[in-house]
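Enquirer: TrEMBL lists these features:
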- A:9-30: transmembrane segment (TRANSMEM)
- A:36-58: transmembrane segment (TRANSMEM)
- A:65-84: transmembrane segment (TRANSMEM)
- A:90-110: transmembrane segment (TRANSMEM)
- A:117-135: transmembrane segment (TRANSMEM)
- A:155-173: transmembrane segment (TRANSMEM)
- A:203-228: transmembrane segment (TRANSMEM)
- A:240-265: transmembrane segment (TRANSMEM)
Amino acid sequence: MATWKRTSGFWISIVLALIFFVVVQVLISGQILNSFYINTLFFMVINIILAVSLHLIIGVTGQFSIGHAGFFAVGAYASAIMTMKLQMPFALALLVGGIAAAVAGLLIGIPSLRLKGDYLAIATLGFGEIVRITLLNVDYVGGASGMMVTNLTTWPWVFACLLITIIVIANFTNSTHGRACISIREDEIAADSMGINTTYYKVAAFVIGSFFAGIAGCLYAHHFYIIQPTNFGFLKSFDILIFVVLGGLGSMSGAVIAAILLTVVSTFLQDYPETRMIIYSIVLILVMLYRPKGLLGTKELTSFFKLRRATEGGIGNDNKHTVA
Amino acid sequence: MELIQQLVNGISLGSIYALIALGYTMVYGIVRLINFAHGDVFMIGSFVGFYAVTALHVGFFPALLLAMAACAVLGVCIERIAYKPLRNATRIAVLITAIGVSLLIEYGTIYLRGAQPEAYPSTLLPDKKLEIFGVIINSQSLLILGTSIVLMILLQLIVYKTKIGKAMRAVSHDAEAARLMGINVDNTISATFAVGSALAGAAGVIFGIYYIKIEPLMGIIPGLKAFVAAVLGGIGIIPGAMVGGLVLGVIESLVSGLGYSLWRDGAAFIILILILIFRPAGLFGKNVREKV
């Protein structure tokens with residue numbers, strides 16, 4: 001009974017998510033949703049995966065990385081090579097895309113995570129640019145003109161990836177490891193002196209985050225027919241950063257909500273790219289000036305529903321207690 | 001001879017980077033902020049110079065001064081509106097604001113005048129080829145180099161010989177102590193932004209003459225490279241920024257001279273990552289241990 005009480009929230013959300021999946025699947029197979037809505041939906045899910053994976057790095061671990069588009073690009077190109085050049089199945093390409101991005105995350109993470117704050121930001125930005133310039137100059141992947149990719153991304157794949165990303169990252173955040181990461185975010189030197197292996201946890205968060213960015217890259221590549229290095233410049237990194245910052249640094253549901261909201265906004269402003277960027281930048285500045293914690297701060301959406309129970313004297317307010 | 005030719009080109013290019021890097025380094029030294037918008041101030045300077053030449057029909061030096069003045073005002077406005085309210089905020093909040101300001105200037109410019117590039121009038125400076133020991137030197141390059149050197153000497157005089165320069169050095173050393181000694185910290189920070197932005201504006205005009213083509217997003221790459229130059233020399237150290245800029249310019253020219261011109265932009269970032277890993281304080285910096 002006690003176990004059910006603790007995990008009921010999890011199972012209820014899984015059931016709700018599956019209902020949502022079936023409803024959308026029926027709408028797609030019944031051809032009630034036209035391709036515009038399907039496109040927006042897929043783009044939304046890809047953005048959510050990107051936002052949640054960056055949230056793990058910036059929001060949970062406090063490592064300010066602005067080269068996320070680099071990992072996204074690595075995943076996209078690695079999976080496109082698997083399906084288009086080596087004729088491998090999509091599932092394998094998905095896995096390879098994620099692993100390639102994770103390896104890239106490991107390679108860049110180990111040396112550069114000795115850096116802090118601004119320096120790390122610039123190093124990751126530099127990494128993203130190196131990836132873009134490399135892709136631009138390698139003829140095997142088509143150079144500047146890019147690669148043609150067949151359309152293999154389907155709703156079940158997109159949904160499964162989204163669900164797995166959210167479950168893995170939410171569980172990671174609530175585990176002993178996640179607590180360690182949060183302590184690094186709050187004060188790295190203090191965490192270090194309490195015996196937490198800060199480098200290990202920072203690299204772990206980086207690798208997991210880049211793995212899911214790679215998965216998102218694979219879904220993106222196999223949905224948009226063509227991938228080009230220009231799609232993965234640092235404006236893309238800033239886009240992902242804005243999701244995390246607007247949603248609240250440290251709130252996963254905030255990142256998800258911001259990703260949904262901004263995808264809808266940018267779909268409507270597709271014909272006015274300058275206006276979109278001006279709105280983005282003004283929002284960014286105003287949020288930082290007046291509400292630097294973002295929409296939700298470090299709160300999760302679920303904590304609003306549990307508020308009453310907690311004040312009545314239940315255990316904790318969000319089941320986030322670990323023994324460590 | 002080819003090598004010396006590349007060196008000459010590299011020094012001209014490097015002097016542009018050095019001028020932008022000086023602004024980065026001064027601002028970082030005084031408020032510990034990577035001013036992402038600095039590259040866009042450089043772009044605005046370039047456009048002010050362009051419009052001054054084409055619409056007002058002035059010569060090189062009036063255009064240069066006009067661009068410097070406009071950029072100084074812009075720099076102070078950015079600091080007062082966006083950065084000053086965040087003086088005590090977290091580093092990440094300030095960095096995100098800087099990114100926001102940068103995007104706002106870029107896309108605001110595109111919104112106002114469109115994204116189409118412009119060509120700098122080539123008659124602005126005398127264009128003669130001088131041949132010295134088989135090396136062909138463009139008279140424009142010499143004038144560009146000369147202007148940069150004069151501006152750098154001027155900066156050294158401001159920082160080391162004037163009262164406001166003394167205040168700048170005091171604030172960058174310890175802002176709280178400087179405040180207690182009766183220095184107006186806010187005005188000093190504004191002055192730093194004004195001087196740094198004016199240098200970026202001058203670099204913008206020089207860049208326009210050197211490369212001819214200017215466009216609203218042109219500030220991004222030179223801005224990032226100037227930042228690399230500042231880190232290379234040791235961020236916060238003025239001579240470091242000059243040397244870093246020149247070194248970076250020369251390395252880039254050598255990379256293109258060796259036939260890898262497409263990798264030129266990559267070289268700067270590889271240097272950045274190597275420097276950050278092996279010598280994060282830069283060539284001229286000292287390592288300072290952080291205390292709890």
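For all residues, glycine too, the Cβ spot is worked out from N, Cα and C.
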Enquirer: Applying the under-8 angstroms CB criterion, which one of A:36-58, A:117-135, A:155-173, A:203-228, A:240-265 scores highest with the transmembrane segment (A:90-110)?
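Expert: It is A:203-228, which has the most Cβ pairs under 8 Å.
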Enquirer: Do the transmembrane segment (A:36-58) and the transmembrane segment (A:117-135) share at least 3 Cβ pairs closer than 8 Å, excluding pairs fewer than 6 residues apart in sequence?
Expert: no
Enquirer: Using a Cβ-Cβ cut-off of under 8 Å, list the residues of the same chain that are 6+ residues beyond the ends of the transmembrane segment (A:155-173) and lie near it.
Expert: 14, 17, 21, 24-25, 28, 38, 42, 45-46, 48-49, 52-53, 55-56, 60, 90, 94, 181-182, 208, 212, 215-216, 219, 252, 256
